[in-house]
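Listed features, source TrEMBL:
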- 643-662: compositional bias 'Polar residues' (COMPBIAS)
- 669-678: compositional bias 'Basic and acidic residues' (COMPBIAS)
- 277-375: domain 'PH' (DOMAIN)
- 501-634: domain 'PID' (DOMAIN)
- 397-433: region 'Disordered' (REGION)
- 463-491: region 'Disordered' (REGION)
- 641-678: region 'Disordered' (REGION)
Amino acid sequence: MPGIDKLPIEETLEDSPQTRSLLGVFEEDATAISNYMNQLYQAMHRIYDAQNELSAATHLTSKLLKEYEKQRFPLGGDDEVMSSTLQQFSKVIDELSSCHAVLSTQLADAMMFPITQFKERDLKEILTLKEVFQIASNDHDAAINRYSRLSKKRENDKVKYEVTEDVYTSRKKQHQTMMHYFCALNTLQYKKKIALLEPLLGYMQAQISFFKMGSENLNDQLEEFLTNIGTSVQNVRREMDSDVETMQQTIEDLEVASDPLYVPDPDPTKFPVNRNLTRKAGYLNARNKTGLVSSTWDRQFYFTQGGNLMSQARGDVAGGLAMDIDNCSVMAVDCEDRRYCFQITSFDGKKSSILQAESKKDHEEWICTINNISKQIYLSENPEETAARVNQSALEAVTPSPSFQQRHESLRPAGQSRPLTARTSSSGSIGSESTNLAALSLDSLVAPDTPIQFDIISPVCEDQPGQAKASGQGGRRTNPFGESGGGTKSETEDSILHQLFIVRFLGSMEVKSDDNPDVVYETMRQILAARAIHNIFRMTESHLLVSCDCLKLIDPQTQVTRLMFPLPSVVLYATHQENKRLFGFVLRTSGGRSESNLSSVCYIFESNNEGEKICDSVGLAKQIALHAELDLEEQSRLIAASSRPNQASSEGQFVVLSSSQSEESDLGEEGKKRESEA
């Protein structure tokens, strides 16, 4: 190491300008050393702080890895392989954390302590001596100046002594201070080299010690473990890349395929309606009444679950029951000038809901799906196949077949055969039944090119054959329970039998035969097929009043009689063989499409209850009409015998009478008069 420049201490007393100039060089060097060492101190302190932060972060990482198995992740939280792997990593990182803690301690002792001592002790000593030297030098200059101004003519021993003593003291102080200051500056040249090398030496020794501890911990077993983990990571990365590529391809394919679906109402020719669904889900707008005439529409997600229609708002965990759609009715409706609306009415008619679909396709599919669920097709083993078979049968119904018998055999389940004659509970024909159905042709039952009427035309608007319009009851409000506000009572109000049923009109058409129940079956099939083909879902709901004189269709809102069928003109009635909610009857009227004076029209309805109950009620009414000449006591006995629960009449019919209606009829004034006359 080259020699170190020094300040001449022996020349401090002389205090020559050369000495002062050399002192200035040493002071400038000390200032440069101070600035540099401050920067180096800050850099090393950052290393020390970073090492402390690394040690704390490593310890925290090890702690979090240990707690991984306690976490409950919604996805993949029970991965035992991942848990064991992270536990192994936690042990290794915990050991590394200990090594980092040791390294932090060594850096504090071997690196930060020497440079801190040099900065806080040696450099501050130089600054202090420099200030003291400046003060002493100024005091000496002031004393010399006063001594030089002593008077030559007027000497004062006391003043001279004081000035001389002041010069002596200040010069001594300056000399001593200057010697210590020069010594400190000379020593600083050695200390700066020590202050530079010693912290660096401590830093390197601490790092070497840290790496030695790391090499001892990273044994061969750990290297094998890390190699296996690296292989697993590469496998996961390859799997991820493959999955990402697949998803990207799927996204591209879906973007191309879904482009037409972005239109809210897609082209039905490109996306045909699926009428065989028994499950469906999607967003619908639900109408909610907020006042007497005001309403709001809320968009919710609806889906079918068995025989239930469920709704779920966005953000809800699960859906809630919106409506039970078993045996319900559904129809397209017009509501608030909105498109694609349909109404669902529950089995008992007490609850209804109006929903709006987004497109025509969704509108028809929702209606078809709810219709299929209402028929409980979803309970079969293959619901889609069953629904397709039912719809196919409806399509085939409009295609002429060689014989009527073959068409009905295609609808009958395998392994079952229907008897050629219907039992009385399903048929009330007063004519003789044919026993040779194979010989009957389609033209002998239904007139060719017969139009189908799908809606009820009120007698107020159009005169219907067989309607008793002349009686003056076509547009009058009718009380279904026979109560009258006036003093005059009609023949219907005097009837002993009143039964009310909720029905929906499906359609009617003229038939050529009225002496066989298969006419009703064929008409049902024709009307249902025509509704399916032409997408006619609207049905008019009415109240069917069965009395001993006639059958009436009454508007449930206004109580106005829509249609009235005289009971003697009802010559045939029957229920569907499979769907017991469907029933129909044949009305024999005067005039019609045929050349003869009499024509027959078959009316088809859907009821909330079983159609057999309605047919039984009609049968009971016809029996009472046949026994009209009997006295009132005999009629009451007949009704009481027919209304016993689960008890069959002489002809096997089951009749349900309303007790309140029977009591009102029995206690009426007309009933008492007849009893007294008898």
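Just so you know, glycine gets a Cβ as well, placed from its N, Cα and C.
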Q) If you run through the domain 'PID' (501-634) with DSSP, how many residues end up as helix, strand and coil? A) 38 helix, 56 strand, 40 coil
Q) Given the model, what does the mean pLDDT over the domain 'PID' (501-634) come out as? A) 83
Q: Give the residue counts of the domain 'PH' (277-375) per reduced DSSP state, in the order helix, strand, coil.
A: 15 helix, 50 strand, 34 coil
